[in-house]
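K.L.:
Quick one: the structure is below, and I'll ask about it shortly.
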Amino acid sequence: MHTHNHFKTPSDAEEVDDLDDEMVMGVIAEIEQEVLFESDSDDDGFGAEQLGAPPPDDDNDQISSSDDSFDPNAEDSDSDDSMQHEEQAQATSAKRRKDDDGPSGSNRDVETNFDLDLEDETDETVRAIIAAIKKPRSAPPEIKLEDFVTDISFHPERNIIALATIIGDVHLYEYANEGNKLIRTIEVHSKACRDVEFTEDGRNLLTCSKDKCVMVTDMETEKLKKLYETAHDDAINTLHVLNENLFATGDDAGTVKLWDLRTKQHVFELKQIDDQVTQLLSNEQNTLLLATSADGYLTTFNIPGRKLYVQSEPYEEELNCMGIYRGDSKLVVGTSKGKLYSYNWGSFGYHCDMYPGIKSPISLMIPITDRIACVAGEDGNIRACHITPYRNLGVVGQHNMPIEALDVNSTGELLASSSHNNDVRFWNVKYFEDFGDIKYNEKHNAYKEQRHNLPSSKCTNTGDFFADLAKQEDDEDDDAT
């Protein structure tokens, strides 16, 4: 999960909401079903009279009158002619219906009527649905894999995303709004690949695994470039790229190592943590290396001095993720209790502020801008929050299951997430560039903000629906006057 500090200025192009493919198919199916129902209702209009049979009431009247004047010796001279006319009428009606239906039956009628509805629909709700269906995509479609996705990483220069899986493979996809294309599947590890990262120049792909190895793959040749076999004594959980040559790794036992791609062995090793290292992070100058861990410590290492810088006071919760904000002046850490701890840069012994965050555990954090972060966890929602002062901005996107990985591309416009459902979804977060700075004394509704759906969300807000209705009524009143 690689963080980026470069953000692109928003263009003037019209932004559109992403529409879930399943939602589109569902809407089309409902419209087709409605049209089919109307077509069936029209077919029901072929009654007994159209088929040549007399109406039921007339039959009763005729029977009643014939009973009164019944003559057993009389001859029914019209009976044969009546039956013949009835058979001819039935055959003519059946032929007419067959010609109307054609070889495909009612499906042809549904198709024709649906096309007409697209052009001539007067119902405002249906027109809105059709307009939404015709909108172009603002983000690539979902990627679905057979295996569990453990981590994802965007290429820094190309439209490529790497997906690490639990069986040790890495899938390289070329993504676009029109569709995604699998470039290649690289079999790199014998056990679960836990972290995947590109170097800053994008030439190399680094992976670490439960098999205790670190692999370096050349992106140009797509072949193995270097193997650090048994890089740790324990399973490696996380990896962080500092630049095109340096990277750091942390394992399940708390050991942190710094590596240089130009050497065969690690540069230095430090063991100051007693539990799993959950994330590694460094500042832009690469002078400090920070590590969060499951034992509730924030540990900072001095890279040039190759020694411990400071270790925080213990917390009664797991520290899972972190990010740097406000011009490298603030460090924010997410915890297993859904809290966010803020530290002044350099003062990592104890937090200066604590934000309530969300009620569910926070396991992932990605800086989108210098003041906006996206956090995710077990509840399956990706939420945006403003840092210093803290504000919930709303829901960026959703998954049906807990979210496992999160990353943002180099421009800061596209966010990708994967869940326990083996799916990877994309969210266009370009709109964050237009968010203004939040003031400390600004009034806000915390309850509403936490449930507010942002433009990239696949859900809509109830208030938006009623606002559109009110606007429509105002427009109608203006037209009437």
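Backbone N, Cα and C atoms are what each Cβ position is placed from, and that goes for glycine too.
Note that the structure is a prediction, hence the values are computed from the model and not measured.
Below are the features listed in Swiss-Prot for this protein:
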COMPBIAS  12-23  compositional bias 'Acidic residues'
COMPBIAS  31-46  compositional bias 'Acidic residues'
COMPBIAS  68-81  compositional bias 'Acidic residues'
REGION    1-116  region 'Disordered'
REPEAT    144-183  repeat 'WD 1'
REPEAT    188-227  repeat 'WD 2'
REPEAT    231-269  repeat 'WD 3'
REPEAT    272-311  repeat 'WD 4'
REPEAT    314-353  repeat 'WD 5'
REPEAT    398-437  repeat 'WD 6'
K.L.:
Who are the long-range neighbours of the repeat 'WD 4' (272-311) in its own chain, taking Cβ under 8 Å and residues 6 or more past its ends?
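P.N.:
For the repeat 'WD 4' (272-311), the sequence-distant neighbours (Cβ-Cβ under 8 Å, at least 6 residues beyond its ends) are 1, 3, 5, 237-240, 242-243, 246, 248-256, 258, 317-324, 328, 331, 333, 343, 345, 348-349.
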K.L.:
According to DSSP, how is the repeat 'WD 6' (398-437) divided among helix, strand and coil residues?
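P.N.:
DSSP composition of the repeat 'WD 6' (398-437): 5 helix, 19 strand, 16 coil.
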K.L.:
Using DSSP, how many residues in the repeat 'WD 4' (272-311) fall into helix, strand and coil?
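P.N.:
Computed counts for the repeat 'WD 4' (272-311) are 0 helix, 22 strand, 18 coil.
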K.L.:
Please count the residues of the repeat 'WD 3' (231-269) that DSSP assigns to helix (H, G, I), strand (E, B) and coil.
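P.N.:
Counting residues per DSSP class in the repeat 'WD 3' (231-269), I get 0 helix, 22 strand, 17 coil.
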